[in-house]
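Novice: This is the structure I have questions about; it appears just below.
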Amino acid sequence: MTEKIVVIVGPTEVGKTKLGIALAKKLGGEIISGDSMQIYKGMDIGTAKVKPDEMEGVPHHLLDIKEPCEPFSVVEFQRLARALITDISARGRLPIIVGGTGLYIQAAIYDYRFSDAPSDEAYRRALRQLAAEQGAEALHEQLKAVDPESAARIHPNNVRRVIRALEVYHCTGKPFSEWQRGQQRQLLYETALIGLTAERSVLYRRINERVDEMIAEGLIEEVRSLYDRGLRDCQAVQAIGYKELYDYFDGRVSLDEAIEQLKQNSRRYAKRQLTWFRNQMPVEWFDMTDPEKFAVKVEEIFRYIAGKLRLEANI
């Protein structure tokens, strides 16, 4: 029997975490994090990782499973997430994937076969050398020239994914975005795909306010601890919220400039997330602009899920 799952996606600061917990309590669910950065230990504030006292008794999976410089890929996420879906379902619970890393979520729930992916190790080495000599931005410009769609959704600092996209283009002559669409065959599960959105001005205000809260909660100290451990050449510390403060610690920018850059990068990331989910997945969208209507929205989304998956509350 095909497992039933709920997937909640959307931009940063739209309210995915809070909604996921509310729905998990109503539906007897367990949450699988669909965030590529929340897997890392010691990166809590900058990734907006849910705190233990905020989980309200709902089990959460794929948090704090790797050290910051331990390698982790979409292939490993796919394997772990699918195993969790099987395990949670077998225990009579409902798997709920919550996150904003589109490729990871897509790889977990679709018939995505990475063994089919073309590769060229020598070309990868050459691109890594180029990034080391000319910087991540130069590599990203190359991707923009051949595959603007992928360039729009892959952050310039995510060198590993930029290289992967260029490698696929090099090997196939097709943009990575086009190759990915060919890989996305069908959903593996009976899925309710929920997308959360909000008015842009409201979302951007929330993002700016959240950055200020992160600073107050100790983000500078969190990033400083990674910096002082000498963690530099790994993907985790290139994440938004970490890279900007590394620039501050390196003396490249003032603290105020780093914080403003963090806000700007977060807003841009939210825009890219929305664009990606609208173009890549058949999502049912719900507007979360008004926080006063949260309880109403929970009921509305619950009814949609119950109808889509033929569920009852507290399964």
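Any Cβ shown, glycine's included, is placed from N, Cα and C.
These came from Swiss-Prot, pasted as-is:
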BINDING   Gly10, Pro11, Thr12, Glu13, Val14, Gly15, Lys16, Thr17  ATP binding site
BINDING   Thr12, Glu13, Val14, Gly15, Lys16, Thr17  substrate binding site
REGION    35-38  region 'Interaction with substrate tRNA'
SITE      Thr101  site 'Interaction with substrate tRNA'
SITE      Arg124  site 'Interaction with substrate tRNA'
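Map these features onto the structure and tell me what's around them.
Specialist: Around Thr12 (ATP binding site), the C-beta neighbours below 8 angstroms that are at least 6 residues distant in the chain are Ala48, Gly100, Ile207, Ser266, Tyr269, Ala270, Gln273.
The Cβ neighbour count for Val14 (ATP binding site), using a 10 Å radius over every protein chain in view, is 27.
On the 0 to 100 pLDDT scale, the model's mean across the region 'Interaction with substrate tRNA' (35-38) is 95.
Counting every protein chain shown, the number of other Cβ atoms lying within 10 Å of the Cβ of Thr101 (site 'Interaction with substrate tRNA') is 20. According to DSSP, Thr101 (site 'Interaction with substrate tRNA') sits in a coil region rather than a helix or strand.
In sequence order, Ile163, Glu167 are the residues near Arg124 (site 'Interaction with substrate tRNA'), counting only same-chain partners six or more apart with C-beta under 8 A. In three-state terms derived from DSSP, Arg124 (site 'Interaction with substrate tRNA') belongs to a helical segment.
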Novice: Does DSSP give Thr17 (ATP binding site) helix, strand or coil?
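Specialist: Thr17 (ATP binding site) sits in a helix per DSSP.
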Novice: Tell me the Cβ contacts of Gly10 (ATP binding site) under 8 Å, same chain only and six or more apart in sequence, or just say none.
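Specialist: When sequence neighbours closer than 6 are ignored, Gly10 (ATP binding site) has Lys16, Gly100, Gly195, Leu196, Thr197, Gln273, Leu274, Phe277, Met288 within Cβ distance under 8 Å.
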Novice: I want to verify one value. Collapsing DSSP to three states, which class is Thr12 (ATP binding site)?
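Specialist: DSSP assigns Thr12 (ATP binding site) to coil.
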Novice: Round to a whole number and give the Cα-to-Cα distance in Å for the pair Glu13 (ATP binding site) and Thr101 (site 'Interaction with substrate tRNA').
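Specialist: The Cα atom of Glu13 (ATP binding site) is 13 Å away from the Cα atom of Thr101 (site 'Interaction with substrate tRNA').
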Novice: Work out how many Å separate Gly15 (ATP binding site) and Thr101 (site 'Interaction with substrate tRNA') at their Cα atoms, rounded off.
Specialist: 15
Novice: If I take the alpha carbons of Pro11 (ATP binding site) and Thr101 (site 'Interaction with substrate tRNA'), what is the distance between them in whole Å?
Specialist: 9
Novice: How far is it from Thr101 (site 'Interaction with substrate tRNA') to Thr17 (ATP binding site), counting Cα to Cα, in Å?
Specialist: 14
